[in-house]
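Have a look at the structure below before the remarks.
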Amino acid sequence: MAAAAARVVLSSAARRRLWGFSESLLIRGAAGRSLYFGENRLRSTQAATQVVLNVPETRVTCLESGLRVASEDSGLSTCTVGLWIDAGSRYENEKNNGTAHFLEHMAFKGTKKRSQLDLELEIENMGAHLNAYTSREQTVYYAKAFSKDLPRAVEILADIIQNSTLGEAEIERERGVILREMQEVETNLQEVVFDYLHATAYQNTALGRTILGPTENIKSISRKDLVDYITTHYKGPRIVLAAAGGVSHDELLDLAKFHFGDSLCTHKGEIPALPPCKFTGSEIRVRDDKMPLAHLAIAVEAVGWAHPDTICLMVANTLIGNWDRSFGGGMNLSSKLAQLTCHGNLCHSFQSFNTSYTDTGLWGLYMVCESSTVADMLHVVQKEWMRLCTSVTESEVARARNLLKTNMLLQLDGSTPICEDIGRQMLCYNRRIPIPELEARIDAVNAETIREVCTKYIYNRSPAIAAVGPIKQLPDFKQIRSNMCWLRD
């Protein structure tokens with residue numbers, strides 16, 4: 001007679017960590033029978049499921065000014081709080097391109113209440129961290145601090161975006177800092193290639209311009225340009241105050257009303273419209289045979305954040321995956337493209353990407369190759385794309401679904417990435433999508449869905465290409481374009 005036994009040893013401290021239902025836990029024995037320990041028993045697997053999904057609630061409140069306050073209280077002793085603003089380089093024109101990024105640099109250079117030194121000392125004495133970044137569609141200012149210092153952190157953030165002095169001396173000093181930053185960016189070939197990719201994919205549109213702006217703009221941006229950008233775009237309906245960690249939503253709401261109130265008034269008239277950005281299949285080539293490796297990105301037009309096909313394209317992106325020589329492996333790699341790349345020694349590394357904006361996006365792959373293998377690597381990539389459109393299998397899609405869910409959950413580790421997730425989703429969807437809903441949408445993707453959606457956006461579509469380095473062997477654009485479909489007899 002087969003016997004199954006399960007032994008569970010828990011310290012008293014471990015028992016206390018079992019949420020508050022510590023008297024009941026279900027375990028499966030080796031023979032499949034249910035084993036219980038504790039005084040109370042879980043009566044059904046449904047009860048267990050309810051416990052697993054018992055994640056902190058994301059609470060959202062909209063103030064009269066349009067400012068949205070969103071938070072998740074996880075009971076930690078630290079927190080992250082920040083302002084997510086629907087304003088980035090996409091809202092600029094050719095003359096003021098670079099203003100949003102310039103403002104990010106000026107944020108910590110002093111306000112009407114605090115000098116730059118006072119601001120730095122106050123943050124350091126709190127043991128906090130203050131940071132900011134600019135993207136093509138968003139500008140973000142955030143602070144990481146102890147939960148008890150949440151009121152001071154919110155007050156500092158409010159002071160920064162409402163009362164920055166924008167002194168002429170600081171502006172002149174920051175020009176040099178940004179120009180040096182531009183030089184550093186130009187040494188990062190991946191960033192260079194992606195800027196070129198946007199420039200060719202979105203020609204003569206706002207998304208085609210860089211975030212830092214051209215050198216001539218950085219040298220000429222004035223205080224008036226900065227003030228005009230703030231008064232035009234830093235308005236209540238386009239700002240989210242997000243927080244995560246040990247935060248009380250009611251306290252955060254009171255702080256928002258006190259420090260922002262009616263100061264972030266709504267727009268006079270309509271909110272500035274987002275300029276449309278048309279995708280153009282095209283290429284940029286910067287040949288330099290002195291460089292040791294070729295850097296190449298190829299992409300097709302994808303969809304915006306809220307489009308129904310976004311999830312499916314994310315799964316397809318995970319299917320292609322990424323690979324680096326340091327990974328090792330071989331034919332046992334889960335990604336088919338990684339198997340072919342490793343077996344044929346076709347490149348040093350590759351990574352797939354799915355970059356989404358409000359109404360458009362780029363879905364593609366970035367690779368680093370030897371000059372002699374550029375053509376072969378690109379051919380294998382396009383062949384794998386065609387396979388996604390025609391013959392991807394259910395087992396591959398199941399693996400990609402699980403990997404995507406795992407990666408998304410692993411990213412939500414700590415108050416800062418959770419706060420980032422809240423702020424970004426509030427701007428993109430005007431709500432935070434619950435994890436169970438997101439998992440259900442991912443699980444709904446199957447091989448047939450992948451084939452349909454990839455055929456819609458990849459098959460026989462004109463790609464955008466950006467290539468830098470020794471790219472003599474790179475096929476011409478007509479040949480690359482013809483490989484975006486399979487011709488059958």
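Placement of Cβ uses the backbone N, Cα and C atoms for every residue, glycine included.
Since we're looking at a predicted model, the values are computed, not measured.
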| request: Pick the one from Glu155, Glu168, Glu172, Glu181 that Swiss-Prot also lists for the Zn(2+) site with His101, His105. | output: Glu181
| task | Starting from the Cβ centroid of His101, His105, Glu181, the recorded Zn(2+) site, name every other residue in that chain with its Cβ within 8 Å, sequence order please. | result | Phe102, Glu104, Thr134, Glu174, Val177, Ile178, Leu212
| task | For His105 (Zn(2+) binding site), list the number of other Cβ atoms lying within 10 Å of its Cβ atom. | result | 18
| query | When neighbour density is defined as the number of other C-beta atoms within 10 angstroms of a residue's C-beta, which of the recorded positions Glu104, Glu181 has the lowest density? | reply | Glu181
| Rounded to an integer, what is the Cα-Cα distance in Å between Glu104 (active site, proton acceptor) and Glu181 (Zn(2+) binding site)? | 13
| When a 10 Å sphere is centred on the Cβ of His101 (Zn(2+) binding site), how many other Cβ atoms does it contain? | 24
| What three-state secondary structure does DSSP assign to Glu104 (active site, proton acceptor)? | helix
